[in-house]
Amino acid sequence: MTDMQTLYLLVPLAPLAGAILAGLFGKQIGRAGSHIVTILGVAVAFVASVVIYQDVGAGNTFNGTVYTWMVSGGISFEVGFLIDSLTVMMMLVVTFVSLMVHIYTIGYMSEDPGYQRFFSYISLFTFSMLMLVMSNNFLQLFFGWEAVGLVSYLLIGFWYERPTAIYANMKAFLVNRVGDFGFLLGIGLIAAYTGSLNYAEVFAQADQLAATEMAGTGWPLITAICICLFIGAMGKSAQVPLHVWLPDSMEGPTPISALIHAATMVTAGIFMVARMSPLFELSDGALSFVLVIGATTALFMGFLGIVQNDIKRVVAYSTLSQLGYMTVALGVSAYSAAVFHLMTHAFFKALLFLGAGSVIIGMHHDQDMRNMGGLRKYMPITWITSLLGSLALIGFPLFSGFYSKDSIIEAVHASTIPGAGYALFCVLLGVFVTAFYSFRMYFLVFHGEERFGKAHHAHDAHHGDAHGDDHAHDDHGDHHHGLAPGQKPHESPWVVTLPLVLLAIPSVLIGFFTIEPMLFGEWFKGVIFVGDNHVGLKELEASFHGPVAMAIHGLQTAPFWLAIGGVALSWFFYMKRPDIPAAIQRTFKPIHSLLENKYFFDRFNEIFFAGGARALGKGLWKAGDQGLIDGVAVNGSARLVGWIAQMSRLFQTGHLYQYAFMMIIGVFILLTYWINRG
Amino acid sequence: MTDIPLLSLAIWIPIIGGLLVLATGSDRNAPLARMLAFAVAVAGFVVTIPLYTGFDATTSAMQFVEMTSWVPRFNINYHLGVDGLSVLFVILNAFITILVVMAGWQVIQDKVAQYMAAFLIMSGLMNGIFSALDGVLFYVFFEASLIPLYLVIGIWGGANRVYAAIKFFLYTLLGSLLMLIALLYLFMQSGGSFSILDWHQLPLPIEPQILIFLAFLVAFGVKVPMWPVHTWLPDAHVEAPTGGSVVLAAIGLKLGAYGFLRFSLPIVPDAAQQLAPLMITLSLIAVVYIGFVALVQADMKKLVAYSSISHMGFVTLGFFIFNPLGVEGALVQMISHGFVSGAMFLCIGVLYDRMHSRQIADYGGVVNTMPKFAAFFMLFAMANSGLPATSGFVGEFMVVLGAVQFNFWIGFVAATTLILGAAYSLWMYKRVVFGKVANKHVAELEDINGREFAFLAILAFCVLAMGLYPFPFTEVMHASVNELLRHVAVSKL
């Protein structure tokens, strides 16, 4: 094993070691011990990733097996690493954001009794996510895929006493399992038709797959495979209609909302499709499917962000919408733009979430934006960094989000694949919507009238990030979170604000510095494939004259003015004339209620799927098992026998086992004796 | 290779040891009975270890063969041997016996010696089933193993134990009577041989093949159990004491599945091929129908019992898609199910010992008072829903892959277990473990003690080890599975 290979192993194993130590020996090593070992583990992983990044930059990639998990049916199931430019970019994003979140957690969870458990979980998550991105085969991909789902489940339900949290985590796991169902079938098809689960070996046979029809259906095999795989991505990356778990996942503590449900885990689907570009490129049908799903998510989930009053939920819907943008990019073969947006989004969305968490700390765990306002005076660092994050999110020129989002929009514009027109409409309107809800949040939280500390909070929004020891208070009945009258919010401690600052830097700058190598340079060469029949980023590349020129050009294009329009409208509505939104809400009651109810997805799922499954189960059990099989067949024949037996009851002792035992012993004694005699 | 008759030792150490335990008599000697039973169980496990270490994975031939004439007139032999299909089950069985003795340590205070003896004898008899190569010997062990379990349920069981015990007994006895007829027919046709290996080579026309297949189907299908002859299992589990449930789930259900591999597939391959659609259909019904039924159970043991049936549906599915991934996946699933279902029943037993209730509704918020237990239970619930890195994933993954290879839509239906298994496991977990402390009984719960920690930790280790590195398990199967599939592919007509 070379030094680099040791380093590859170290990247996932260091966080795993931290997780095991903090998880199993949390009591022994204490709170400080737990955060030290886990932070150390993630820091080691980050540093190692930086070294690997430089090594990959020097042209050294790796594709090899760590160990053979199993061999069966002629297929070798392995655990192994593929280290290339795409992997190492993901490794950097994951370990960096994870490190920030680990540090932030020291402040955020300082009073929580589950402190060690929390650190153990987030380190375990880091391990799982690294296994996912570093995999060179579908088995390990699936392992990481489900393992991040498990940790997400554990963390959404971290405060296991809260009914909403343990409902949300089960929902998240089950909805993800629906996606994984498709994913597993996709892997099954790949294994069946290529006899391998190794990426490189599968990609080498991509052309044969494209020329094959699926047995028994006559469908193009490659389309079936890609759509199955993409269904997995729809679950993990929360695309309509499997998006329903993500808003509810906000029940988890805010640090994990930033790490798992914004920056890393939910982008696993995007990463996976980009990784599978040699397959997806061969199926226009699958690409169109991806495109339409992504565009729908981008626009319609954005609308929902407008009506939320919970600060975390606004950010959650914006995440959904941004994931839609990434998916759109995949659909138009602009894989590198999708991954680029994935990266910039990881930074600015983690920043926005952690900023929201800082606000929540300052507000004493009140998450309702209607109780905030004017916080910029009290929380200056949180304010500035959140503003920077919001500008990045809406794609303001020169900010990182501008470069990634504009590239996506340009790629959609250039694309000729079916559905591109609809997608263009969605992503353009989405820019306006994003700007509107982002700055609605910004103005409501940091500007305007100070609405906190009032005796009566608006309380139809649900509770904030309560801490685990809250049940002690709940007995008092009227306990609620938030600031008491006269209390002022305060800036968070340095362990919270430092990550904000460190995340703000890449949120602003990283797009400017990386767009050229990532989108138009050699960085993803040989990793991401774009077929000759797809435009991808080729048109954009032709007109690209450096990031400064792109920003200047951006000022003259529709997305910029749509974003400005969104910001201006939110300023007018929420700063100037707060009566207008209320009036609109009254006037367009049905639309508002449609948005308020999230297009009734949850209600439908609850009634149709959850209720339907329970009713079906009850029906099968009562009618099938108890009625037909036991009632008629088993007990019926027993009664018949019983009736006959009554005739000869006198001869029976009633102890069945005596008969059986006697019978068997008797038979064999007799047989042995009688036969051997002869 | 060694000349020590390892298989005989694996069979007779527990049986003779069990009789010795029985001889300790009344409950005054209960501590002695426990210690002795534990020693016997450990000894029984130790003698099975060379079966793995000395196993030659390159051959499909029977190994550790022992052959002595028993009834010369009818050519009945005491013929033992194991191959890649059976060797792991002998070891698993001996292993589970240790856990069962540990699980009954404090809980069983009544008729201790008899309880321990019943399990030891049952363990020896079941080893006999997995290693018998003579039809009559197999039948004797197969039938005799019913009796200890019948007694365990009938004596140490719950309120409705007599109904459950009789239902269990009659169901399985009726099934095996048909098997006896089939065995006698094969004896006639083979010109007077009870050797299972001879029968493998015996040419048979299709009509008798089908009849024999159906006779075996009833016998083994009841044991598995397959839909629709499964209804004895939930009743038996609910009434059985924890140890009984563990053995029943971990080993008992494997007997029927093993029967398909040792008898149905190789003896009547053409019938197996012809009736495969029927078997696949029944298996898929088990996976889906039973999955839904498991979802709505209010009794934890019933829920896990139904989930067992659903998981066993995967096993029979794997057998009848006739590809290496399917069959090996089914075998892996059987072993894994031994660990996982055993662990699930032990977990429920831990709760039952404290609360004397198995109703999900009586629980809630257990994690607050039993955090260590909650962690173990989480691992096993996840393994039960097939999470990667646990043993529960390996078999399901292989069978789904094998099924997709065979026919996409069969794989499609089978893969729904991913959703259903997670739904019933996690919904139960949520209601029992998560939430606020539901009532004062839950508030008074004490976390697991050292003994409970020990057996749960051992199983947790097994579940994770097999999930992270299944290679050693599948390695011993290849030669035998490939030979079996090659054999099944050749017509006997």
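Cβ from N, Cα, C; glycine included.
Positions annotated as transmembrane segment by TrEMBL: B:6-23 (among others).
Panel annotation: around the transmembrane segment (B:35-55), residues 1-2, 4, 6-7, 9-10, 13-14, 17-18, 20-21, 24, 63-64, 82, 84, 87-88, 90-91, 94-95, 97-98, 100-102, 116-117, 119-120, 123-124, 476 of the same chain, lying at least six beyond its termini, place a Cβ under 8 Å from a Cβ of the stretch. Positions annotated as transmembrane segment by TrEMBL: B:35-55 (among others).
The domain 'NADH:ubiquinone oxidoreductase chain 4 N-terminal' (B:50-126): residue composition by secondary structure is 39 helix, 16 strand, 22 coil, according to DSSP. Per TrEMBL, the feature domain 'NADH:ubiquinone oxidoreductase chain 4 N-terminal' maps to B:50-126.
The transmembrane segment annotation in TrEMBL covers B:85-105 (among others).
Annotation source TrEMBL lists transmembrane segment at B:112-130 (among others).
According to TrEMBL, the domain 'NADH:quinone oxidoreductase/Mrp antiporter transmembrane' annotation covers B:134-417.
Annotation comment: TrEMBL describes B:168-188 (among others) as transmembrane segment. Beyond its flanks by at least six residues, the transmembrane segment (B:168-188) meets 74, 135-136, 139, 142-143, 146, 149-150, 153, 194, 199, 202, 208, 211-212, 214-216, 218-223, 229, 232, 235-236, 267 of its own chain at Cβ-Cβ distances under 8 Å.
Per TrEMBL, the feature transmembrane segment maps to B:208-229 (among others).
The transmembrane segment annotation in TrEMBL covers B:241-263 (among others).
Here the transmembrane segment (B:275-296) has long-range neighbours at 210, 213-214, 217, 221, 226-227, 230, 303, 306-307, 309-310, 312-314, 316-317, 319-322, 410, 413-414, 416-417, 420-421, 423-424, 427, meaning same-chain residues at least 6 beyond its ends whose C-beta is under 8 angstroms from one of its own. Feature annotation from TrEMBL assigns transmembrane segment to B:275-296 (among others).
The transmembrane segment annotation in TrEMBL covers B:334-352 (among others). When Cβ-Cβ distances below 8 Å are used as the criterion, the transmembrane segment (B:334-352) is approached by residues 88-89, 92, 96, 99, 103, 107, 237, 241-242, 245-246, 249-251, 253-254, 257-258, 300-301, 304, 307-308, 311-312, 315, 358, 363, 366, 373, 376-377, 380-381, 383-384, 390-392, 394-395, 432, 448, 452, 455-456, 459-460, 462-463, 466, 473 of the same chain, each at least six residues removed from its ends.
Annotated transmembrane segment per TrEMBL: B:373-394 (among others), in sequence order. Beyond the ends of the transmembrane segment (B:373-394), by six or more residues, the same chain brings 304, 307, 311, 329, 332-333, 335-337, 339-341, 343-344, 347, 350-351, 366-367, 417-418, 421-422, 425-426, 428-429, 432-433, 447-448, 452, 456-457, 459-460, 462-468, 470 to within a C-beta distance below 8 angstroms of the stretch.
Only residues 6 or more beyond the boundaries of the transmembrane segment (B:406-427), in the same chain, are considered here, and those with a CB under 8 A from a CB of the stretch are 280, 284, 287-288, 291-292, 294-295, 297, 303, 306-307, 310-311, 314, 317, 321-323, 326, 381-382, 384-386, 396, 399-400. Positions annotated as transmembrane segment by TrEMBL: B:406-427 (among others).
Sequence annotations record features per position, and here TrEMBL assigns transmembrane segment to B:453-471 (among others).
Sequence-distant contacts of the transmembrane segment (B:241-263) (same chain, six or more residues past either end, CB-CB distance under 8 Å): 85-86, 89, 92-93, 96-97, 99-101, 103-104, 107-108, 115, 119, 122-123, 126, 129-130, 138, 142, 145, 149, 152-153, 156-157, 196, 199, 216, 219-225, 233, 301, 304-305, 308, 312, 315-316, 319, 327, 330, 334, 337-339, 341-342, 344-346, 348-349, 352-353, 484.
The stretch from B:6-23, B:112-130, B:453-471 with the most CB pairs below 8 A to the transmembrane segment (B:85-105) is B:112-130. Remote same-chain residues near the transmembrane segment (B:6-23) are listed as 33, 36-37, 39-41, 43-44, 47-48, 50-51, 64, 66, 80-82, 90, 94, 97, 113-114, 116-121, 123-125, 127-128, 131 (criterion: CB distance under 8 Å, separation of at least six residues from the stretch ends). Through the fold, the transmembrane segment (B:112-130) approaches residues 7, 10-15, 17-19, 21-27, 29-30, 33-34, 36-37, 40-41, 44, 80, 82, 86, 89-90, 93-94, 96-97, 100-101, 104, 137-138, 140-142, 144-145, 148-149, 151-152, 155-156, 241, 243, 247, 251-252, 255, 258 of its own chain, all at least 6 residues removed from its boundaries and within a Cβ separation under 8 Å. Here the domain 'NADH:ubiquinone oxidoreductase chain 4 N-terminal' (B:50-126) has a mean pLDDT of 91 out of 100.
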